[in-house]
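K.L.:
Right, I'll just put the structure down here and ask away after.
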Amino acid sequence: MPRKFPLEKTRNIGIMAHIDAGKTTTTERILFHTGKIHKIGETHDGDSQMDWMKQEQERGITITSAATTAFWKEHRINIIDTPGHVDFTVEVSRSLRVLDGAVAVIDAKAGVEPQTETVWRQATEYKVPRIIFVNKMDKIGASFDYAVKTLYQRLGINASPIQLPIGSENEFKGIVDLLEMTGVEFLGTSDEKFKTIEIPEYMKEFAQNKRIELIEKWHNYDEELMMDYLNGKEITVEKLKNVIRQATLKADFFPVLCGSAFKNKGVKKILDAIIDYLPSPMDVSSIVGCNFENKEIIRKTSDNEPFTALAFKVMTDPYVGKLTFFRVYAGTIKTGSYVTNATKQVKERLGRLLQMHANSREEIKEVYAGDIVAAVGLKNTTPGDTLTSINDDIILESMNFPEPVIEIAIEPKTKADQDKIGIALSKLSEEHPTFKIYTNRETAQTIIAAMGELHLEIILDRLKTEFKVEANVNQPQVAYRETLTKISTTEGKFIRQSGGRGQYGHVIIRFEPNSDKGNEFINKIVGGVIPKEYIPAVKKGLEESLSNGILAGFPLIDVKATLIDGSYHDVDSSEIAFKIAASMALKQTKNEGNLVILEPIMEVEIITPNDYIGNVIGDLTSRRGKLENQDSRENTVIIKALVPLSEMFGYATILRSNTQGRASFIMQFLKYERAPKNIAEEIIKKRN
């Protein structure tokens, strides 16, 4: 069956922002104007179409990335609405990995906020072209100029308005288009009814100057346009749009729009800008992967190429079971076809193919290059896996997910719960790559780890509501880590004789710090001093010991282990002997005195009235906080600090008390850092 929409008329975009900037409301209005929904839902009322999870509706926030498809001016727009809370940043990251463009929503009063900076960095990492929508122009305190200024100050980007607001706060009533040099006045409460007007007299000179600023940015992009401008020739709207599009596609420039999604003002202009300035799959570079011999393979965005896709999300649907979301980069595939999971080297069957709208679905028979869809039947596929035609061996770059920083022990309340809890936790860990489950080797307790207190709260809530599992939990604990600080070469020799065949394994391993590169194993054995069939056992022994830690049972991270020598016995050597020998070698590093405890450091941003600065800073200092920056804004101050996570439990209550409930804060994981000696000794003592 031929595709309904040509690739050049397809857009794959995300909506991203800080929490409460209006992402989901913006998406709802887009769906309303494109005819996808006929009643507008509100996040604060708990009836948003895109926030379909019970936990989202209760909290008025987006937790997962919801996907939908809309149509505007003969174009198909695939939209992913992403979370704004820092605990769910990974949802944004994996969505950006498969998108071609994005709309960044900025609060007109707050400007660029902490999570805006985080998701902007993620989008820059993936080289995603973006347009910017300054939302909530009707809000008390809204300032378009201030919001635009924060784009330069906090993001350091090349952005310029292509629109100007007519009025602000309660007086926000229209938009000036700097390309057309005309105005739009909204009639009533939305942009359903509007009229085209001349630019108000008091704005004409200002608008003209802003248009000139816009044109003068393009001397590096279009010499002909600059020459026309310098020679006093008229610059056509089409010419300007084309140059803006080219610069936006390269992520060299970011057009700025304005409006109020809640009041339905300016939303149609966003849709026009998505089509005018954001890329189709054909505008994006060909996808690059490699084969098992590490040779580069390039796939063009075309239906005629071999099927190539990347899985980016897994979720459990109560009616159809496991759903795997994937982006098709090349080729086509039909329902019922077999594909290869090239990452895991297993064959999978696409039982059903679905076009999703939040949690509702439409069955489709075939998918094409550029599509974002969900499949039923992929049993072994997880986020980051490459799906290909049978016998194809291309593997796309996978996804990197941060390690969780907070954990709790969990146990089922009843025998019935015990039977269900393992399956439920396993399904939840498939959906959340930053949610981990492990067993404490000393206490035999099941430990669950996540990115923050809200993340844990959502997991526990879903256990109860979706999987009907009641569980007891203890207080959240910090997920400490261990690491090496200097190079050491140690020996592990395991010999056992007990009559008959014995056990013999002998290794010499050099251990060294591997800063921010994870754990790495290198085999430098030459001449067969250890037969190659025992090398995987050495690696396995190290992996298990690294995960169990040495000082206090916390996983060892950022360690490079190089196997440099050893010996074997023709009769007595075995895989288990070499596995134990490797573990013994790692444990010897404790005697070298170069192991340390690492603690997670959080980036904390507090917004407080001026009256309480002393209280807030004094409290942060008492929590081992390091002040990074202070930024005054009207009658408030924004304080940025780095604070160990262990000092932040219960902080919300203390902050309320210190500021009479008038301050707010947000925090996100930044890095692991060596714990002070007295703190480390206390941690080790508790664990041992």
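Glycine residues also receive a Cβ, built from the backbone N, Cα and C atoms like all the rest.
So Swiss-Prot lists the following for this protein:
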type    : residues              : note
DOMAIN  : 8-282                 : domain 'tr-type G'
BINDING : 17-24, 81-85, 135-138 : GTP binding site
K.L.:
Tell me, what is the mean pLDDT of the domain 'tr-type G' (8-282)?
P.N.:
84
K.L.:
Hey, which of the binding-site residues Ala17, Asp20, Lys23, Thr82, Met137 is the loneliest by Cβ count within 10 Å?
P.N.:
Asp20
K.L.:
Reduce the DSSP letter at Lys23 (GTP binding site) to three states and note it down.
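P.N.:
Looking at the DSSP assignment, Lys23 (GTP binding site) belongs to a helix.
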K.L.:
In terms of DSSP three-state secondary structure, what is the assignment for Met137 (GTP binding site)?
P.N.:
coil
